[in-house]
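Copied over from TrEMBL, here are the features:
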TRANSMEM  24-45  transmembrane segment
TRANSMEM  65-91  transmembrane segment
TRANSMEM  112-134  transmembrane segment
TRANSMEM  172-198  transmembrane segment
TRANSMEM  218-235  transmembrane segment
TRANSMEM  258-279  transmembrane segment
TRANSMEM  291-310  transmembrane segment
REGION    458-480  region 'Disordered'
REGION    889-922  region 'Disordered'
């Protein structure tokens, strides 16, 4: 006999018999639903396991899967027991006889639920258990951090606990206490409902409203609730060091002198009240519980709410600065430590004006600033696509990246993009499942341009893009020295959802390949990153997973087939390291004859005691980046951040490698203990890869955001806010902050270092307050060192003021007006603030002309370089010309860029052995480009591709003739 099944001996209800047909229909419907979701879930889990196994990270899958499963079972079963057992006990101890004046028609309810009573109780307990199980399963990160947590070897200033207690232990204890409270409260209310329905509670009775069994059970349960609530108060007191306030985060005067004592008093009162409920087990009245509830409610109101408000209003507010000073000092120190912006990592220098800056010649200044980035990666994306994409089904991910490469023995800044597969460029008639998933599977190569608009020799300036890497003859400065360069890109930021690769049923190559040397060919993927799907069972599982029967029906899926999916570098790293928060900027590097994607991974928490807590999205938002936020946190608020891991993803075979970077980070050590063997030691990073690693942008932005306030260490100065800085608004986008930029900067020793830099302005003022730069060269001993330059004169212009000066300059305004008259629109680039070696401030801003027509898709060409130095403004087609104009007052030469020029046309350089023949080839190419454009407008994409290929061949032949090849 079941715990729920014994009926009243004097009141056995007549059971309503369902017809067999209805019962079997219900069972069949439920079975179909369960089977559908069960098979779908199994397919997802099974294919996930195959994916992890294919890339040698099956241990990650196993750890996460079994941890989540165990937590689901444990917390699901516990919640089911905590809800089901009290209800069952309430039913077992119900009164067997009910008085005649039983109200509310409870007899009817009892009769109605009698046939399904057992299933109803099991169902309620089961559903509650499911929700609790899913909740517990979602706490797998919290559990693993508690299980493997390491000490920080630093203590908070108020409780003396190691910081690891707050980061690793406290969240888990919170979850356990809250789970126990929730289960006990729900169980108690379930017992109340059962007692009420079955007569254990009769609210209208003149006396004995509770049966003895009901009183004992409810007294015990609410006594347990209050005792656990006391434990909750004990745990909650440690949260005060992570509190959030309008002035500062962490413990405050009111917290320490009112809230903390109140918590301790309420803890004691909760325990006393719980004991009174337990004592009531041996009494026949509710006097003691009534006293306990009244005492607890009044205490919460007076001690927990009113008392802290009184302390805040009458003690703190009249002298807030004096009262909060020690807490603000603790907040400043903790914030500086948590974001790694303490004095140990800062190098502060004072700006000193130098008379030499006034007498600088154009040649001297041009030599100093010759490495300045003129190419704006945020603007030239379309030029990369139009000139170098090669085929309509290739594209370049936006935004472009900028990195450094050794070219001719000199380190050069290169704006870089990867040519990626864009299936939207495939004509509608060719967009079959076979083409999309087995033919158009990958792209080829990288595209690079010198950031300073100078050629490979780094001497000759040009107003035209100087290509370091492309698909034309002579454009292989990055890959030309690398033998057997693997240019195929199967794993990229814009790769399709999935591709099926491997030899066709007739052992032939079916994947479309393209490069400038061989034209269109066919190839077969030979990497190690695919999941074999040769068996019928695997094909069935992937058909379910991706919702396509073609896995089972297409002849392209055979015993040789493999499937590539989850192909974004960021997505792959997130799956193998789900404990990391990833940088928004994934960048490619050309190293070791391959294209590698680099992904910066952070360990973050919002539990660092006393540190300032802010939204990750708000701290990293700027004119070039959307507010994506962290990938793994339940909210995007953090107060601790370390660049713990550098990850790479091979663009050809998708291999993911995680490298330690911050070897001292306790959070990294914790996760390494949870997932042993998944992170490689820092010493194993190849030297040639280290040369291309850089300081991550999101970390820089977070540190920049915090340094705007926390560069001040004196609590009194901090409180006044007089020294507060702000990141200037982007002159071209008032809704966002100016993005940082990368360039070579003097590190103070006369050595130019690859750096990430930006300007600060005083809070709510436009003039320049300071400059922040960080050494971004991973091979440097000073990598990550933050350099702050302060002490600029109050009248020093900030980026916004200089940009406004450019826009109001009459000569520049006249040039911009000429764009508009010719049907083009000006596109203003980023304002770069460059402190020169002679302590002068040079501002540089490129301006582009964009002809907004259907054929050119908004293609922009560099029109002028604008400069401002020591209050003198100049412009020209190159930096040197602009500096000459600014410093000498000379007039700029006429612009060599033509806003009306078709971007597909390629102008031949001057000179050459066969100018007549080369010119004819270019004329032929121009005609072919025009025909291709017409074919594209007519929707004949196949013809368009053929014409573009012919035109490109003509251009390459002309280039060879002109170069003497």
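Placement of Cβ uses the backbone N, Cα and C atoms for every residue, glycine included.
Taking H, G and I as helix, E and B as strand and the rest as coil, DSSP gives the region 'Disordered' (458-480) the counts 0 helix, 5 strand, 18 coil. Counting same-chain residues at least six beyond the ends of the transmembrane segment (24-45), those with a Cβ under 8 angstroms from any Cβ of the stretch are 65, 541-542, 544-545.
Contact count against the transmembrane segment (112-134) (Cβ pairs under 8 Å) is highest for 65-91, out of 65-91, 172-198, 218-235, 258-279. Listed stretches 65-91, 172-198, 258-279 were compared with the transmembrane segment (218-235); the greatest number of C-beta pairs under 8 angstroms is found for 258-279.
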